[in-house]
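Worksheet: the structure to be examined is printed underneath.
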Amino acid sequence: MKIFNTPNNSNTITGFILLGFPCPREGQILLFVLFFTVYLLTLMGNGSIICAVRWDQRLHTPMYILLTNFSFLEICYVTSTVPNMLANFLSDTKVISFSGCFLQFYFFFSLGCTECFFLAIMAFDRYLAICQPLHYPTLMTGRLCTNLVVSCWVLGFLWLLIPIVIVSQMSFCGSRIIDHFLCDPGPLLALTCKKAPVVQLVFSTLSAVPIIILFLYIMGSYALVLRAVLKVPAAAGRRKAFSTCGSHLAVVSLFYGSVLVMYGSSITEHKAGTQKMVTLFYSVMTPLLNPVIYSLRNKDMKKALWKFLRI
């Protein structure tokens, strides 16, 4: 990576500057307390799901194994941004090193891609369980579940590796100020010395492909699930199916609703304020809300959590 300084900042800046949420010192401290609380609640909520599934033998099924991995993913996802955000709230310089910036860039987007893949295989699991109930135990075996989980992690971390490496080797000019709370491709590409429309196009395309294709797959799967559920004669059976699938659909709606707004179009056309708020929602608020959604709408999970908390 080549960095070219402007004359007035060549001796003071040692990395990119993340502006975050500019406000007076008192406001920065208030934001620190707020996001620190959100971070702790997110760790506790997702960690509780992992522990509850681990302790309750009845939940050692593919659906809950996928949910456990998803909860661990959410912990990693929020950890890729919030700790650095918290440090910036208390920092006077708000500087992030070049290597730190691109490490955050890589892990944040790799974990985001992994989440897209996980939501898709969770929809696939519900499709098999509801549309093929008699064949589900033989189709969704422990081996297939493990293979799907490993595939999600591997694909997620390889999907954007090459374009991120290319961006990291580009030359950057000017103030190196990023009007964001993380190293996002839009603000980063805006700081390059030469505009690289091909790189922008490749990154936008690779970001949009898993989002759009997997979203369409999930919606198609749940259309088939809905058709199968409506054919169930017993009302209790329909309620149980809707309860199980409703949780997942709520999580899909929260995540994809905000991500499609952000990356369904060009990554450089959104205003800084819009970028911050939308990114904040799907990267911080969604991991916080997911444990609440899954626990409130799932009786087995509520029982397991209550059993775990009483230990």
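Backbone N, Cα and C define each Cβ position, glycine as well.
The following features are taken from TrEMBL:
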type	residues	note
TRANSMEM	29-52	transmembrane segment
DOMAIN	45-294	domain 'G-protein coupled receptors family 1 profile'
TRANSMEM	64-83	transmembrane segment
TRANSMEM	103-124	transmembrane segment
TRANSMEM	144-166	transmembrane segment
TRANSMEM	208-230	transmembrane segment
TRANSMEM	242-265	transmembrane segment
TRANSMEM	277-296	transmembrane segment
Who are the chain neighbours of the transmembrane segment (64-83) in space, where the CB to CB distance is under 8 Å and they lie at least 6 residues beyond its ends?
35, 38-39, 42-43, 46-47, 49-50, 53-54, 104, 107-108, 111-112, 114-115, 118-119, 121-122, 125, 145, 148-149, 152, 181-182, 283-284, 286-288, 290-291, 294, 301
Let me spell it out: take the transmembrane segment (277-296), skip the flanking residues so only those 6+ beyond its ends count, and list any with a Cβ under 8 Å from a Cβ in it.
35, 38, 41-42, 45-46, 48-49, 67, 70-71, 74-75, 77-78, 81-82, 108, 112, 180-182, 184, 247, 250-251, 254-255, 258-259, 261-262, 270, 302, 305
Determine the mean pLDDT over the domain 'G-protein coupled receptors family 1 profile' (45-294), rounding to the nearest whole number.
87
Any residues 6+ beyond the ends of the transmembrane segment (208-230) with a Cβ under 8 Å from its own?
113, 116-117, 119-120, 123-124, 126-127, 130-131, 159, 238, 241-242, 245, 249, 252, 256, 259-260, 263-264
